[in-house]
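The block underneath contains the structure these notes are about, expressed in structure tokens.
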Amino acid sequence: MAAAAVARAVLFSAARRRLCGFTERLLIGGAAGRSLYFGGNRLRSTQAAAQVVLNVPETRVTCLENGLRVASEDSGLATCTVGLWIDAGSRYENEKNNGTAHFLEHMAFKGTKKRSQLDLELEIENMGAHLNAYTSREQTVYYAKAFSKDLPRAVEILADIIQNSTLGEAEIERERGVILREMQEVETNLQEVVFDYLHATAYQNTALGRTILGPTENIKSINRKDLVDYITTHYKGPRIVLAAAGGVSHDELLELAKFHFGESLSTHKGEIPALPPCKFTGSEIRVRDDKMPLAHLAVAVEAVGWAHPDTICLMVANTLIGNWDRSFGGGMNLSSKLAQLTCHGNLCHSFQSFNTSYTDTGLWGIYMVCEPATVADMLHVVQKEWMRLCTSVTESEVARAKNLLKTNMLLQLDGSTPICEDIGRQMLCYNRRIPIPELEARIDAVNAEIIREVCTKYIYDKSPAVAAVGPIEQLPDFNQICSNMRWLHD
């Protein structure tokens, strides 16, 4: 692919694209007014924050006759982001075709019936635009960033890509080699490896337990028919959202959608492909390698899907645990109690909590990198903090976590691309864009009592999934880890 021509980003895992958690990017909350204790500034700050929330542009949504949803937010910028969010990912695959969705994403920019690969790259470059794509376990996304005046061309290119890709045999063979090399690179990224293992043990023998890239033998055998069958089965109007943000007119976007997708994307004529259930299993995977300098460990319990009422509360609990790295500094002044204990005891190099949500299940847990001698101590402190969430978390801690969560969520909506991503994801997950004031109210409704109740429901005395790689001789056995999921009385 020509340099700076077509940017393609691969999301290896819904859980891993940003360890802050998939749901944290889905549920975009409002910002409470930051209290500035300088006389009248406190009131003005609160009023200003409220005014920002009220001034957020409306998200307009229209559904075409074929089921395709068109959603946009017009902020009047000179640039825009427009994309297709498709309810199709590796979870809809089986053992034989696992890896097809990701393979298809690789083929997206390799030429269509109207444009060769070179023509496509030159057109994008001449527009000053960028094309991007990624695959997760439940979604596939194609989007473009361009000048607002080029919105019609961007939509036409996206329509051409998903409806008219040539999927030539030569290009398939070339991308097969690219994906195999990509798999080798993933194997050197221990964070990626650990999260693949975590899904494999948590969702054994189910679609969520399989990797997005697929096994090597599948990559070597996937052919054009497999790719065409996947498109024919899953790329249907009711499962696609055309989302846009920036300087976009919803009426113009709607007309473009009708012209490019109104007749070509049909509804399901037969039975709609069902989302296979994925049962969580408390279990472990250990890959011991004493030659490695550091131990990499992930521990998680089963959480909930996107639309579950407890999602917000689990996100606040996730923020309470927080994240830490040796470069942070701060010492005992860190907001996270776990970060204070970790820093004071020099227990690990870094840790990061996560809350990964899917349609009907999720993983709530922590990923950490430790010295071999401190693995057991670090895990003990983590589990002790989890138990504290269930029994004795304070109102002041919860209030601080709520403010931090709302701030982080708002900060992520910086520019047309993250806003467009938020629109696309929320439309697939909730069939609407949840207003910021509503999310702000839902976060504010959480208190310490609710945190204790919900954490007891999902964490206390639950069997976790554990994935560990490296020098993990000191890691306690699984039965001991499970016993520490209960409060230990002295």
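Quick reminder: no glycine exception, Cβ is built from N, Cα and C everywhere.
Remember, predicted model here, so these are calculated numbers, not experimental data.
Between the candidates GLU182, GLU185, GLU187, Swiss-Prot assigns the Zn(2+) site shared with HIS102, HIS106 to GLU182. With respect to Cβ neighbours within 10 Å, the binding-site residues HIS102, HIS106 differ, and HIS106 shows the lowest count. In the three-state DSSP assignment, the secondary structure recorded for HIS106 (Zn(2+) binding site) is helix. The Cβ neighbour count for GLU182 (Zn(2+) binding site), using a 10 Å radius and every protein chain shown, is 17.
All chains included, 23 other C-beta atoms sit within 10 angstroms of the C-beta of GLU105 (active site, proton acceptor). In the three-state DSSP scheme, GLU182 (Zn(2+) binding site) falls into the helix class.
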